[in-house]
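Okay, so here's the structure we're looking at.
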Amino acid sequence: MDVGGAYGGGKAGAPFDPITFVQRPQVILRAVCLLFAIIVFGCISSQGWQKDKGSPEEYCLYNRNGNACNYGVGIGVIAFLASAGFLAGEYLFEQMSSVKTRKHYVLGDLGFSGFWAFLYFVGFCYLSNQWGKSESPPVGTSNMQAAIAFSFFSIFSWAGCAWFAYQRFRQGSDAAFAPSYDADPNSVPGGAPYSSYPVGPDADGGYQEPPFSGNQNRGPGDFQAPAY
């Protein structure tokens, strides 16, 4: 099935334009999500774990709670992989010739983006709470605070992705239920009504007898001989 404009995408099989692709709001927002994810899990992975002097074991700078560091790294890594996958999906979206396939992609984008925005909100609250209870570490303070800040920013970036996916879904649903017949011109503002078939000037005239009808109705006895 050849699709044109289904769920906010172009017609399947159209030539790929890289400039138009990178300027699409969905692509820009996905790139922002990917960047924020790298910052979150990168900051925690690099300096989120420290060692006490004389102890071989490492502890998390978020109130010595290893679950907090693992949570921040986990949602960041998965967000990075998901963002890369959705960027690839945006590239392939224009090539999807099936309306059903596009619908499944849009619904998956909507559900995952909304859920991950919620997980980043939980992560922001969790890391902020644990950081408020932590002792000031000798190193890594800026990294821990940056992870919290970009977890907060990621809430809005992923929520924005969910919003764009919802708009796509609405657009596809409206197109699916749109009437396929032509509208009545009388119901369109400014439309002209249908014109009737043109008729001749005698179309409404009375019935006319055929020529020579008087002679054809005479019998043999009605014939008169000419007078001399």
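Glycine is treated like the rest: Cβ placed from N, Cα and C.
Feature annotation from TrEMBL assigns domain 'MARVEL' to 21-170.
For the transmembrane segment (27-49), the residues of the chain that approach it from at least six positions outside its boundaries are 21, 58-62, 69, 72-73, 75-77, 79-80, 83-84, 86-87, 90, 139-140, 143-144, 146-147, 150-151, 153-154, 157-158, 160-161, 164, judged by C-beta separation under 8 angstroms. According to TrEMBL, the feature transmembrane segment maps to 27-49 (among others).
What TrEMBL records for 71-93 (among others) is transmembrane segment.
Same-chain residues lying 6 or more positions outside the transmembrane segment (105-127) and placing a CB less than 8 Å from one of its CB atoms are 7-8, 62, 68, 71-72, 75, 78-79, 82, 86, 89, 93, 96, 144, 147-148, 151-152, 154-156, 158-159, 161-162, 165-166, 168-169, 172. Sequence annotations record features per position, and here TrEMBL assigns transmembrane segment to 105-127 (among others).
Taken from TrEMBL, the feature transmembrane segment applies to 147-166 (among others). Note on the transmembrane segment (147-166): residues 25-26, 29-30, 32-33, 36-37, 39-40, 43-44, 48, 72, 75-76, 79, 86, 106-107, 109-110, 113-114, 116-117, 120-121, 123-124, 127-128, 131 of its chain, located 6 or more positions outside it, place their CB under 8 angstroms from a CB of the stretch.
If you look up TrEMBL, you'll see 189-228 marked as region 'Disordered'.
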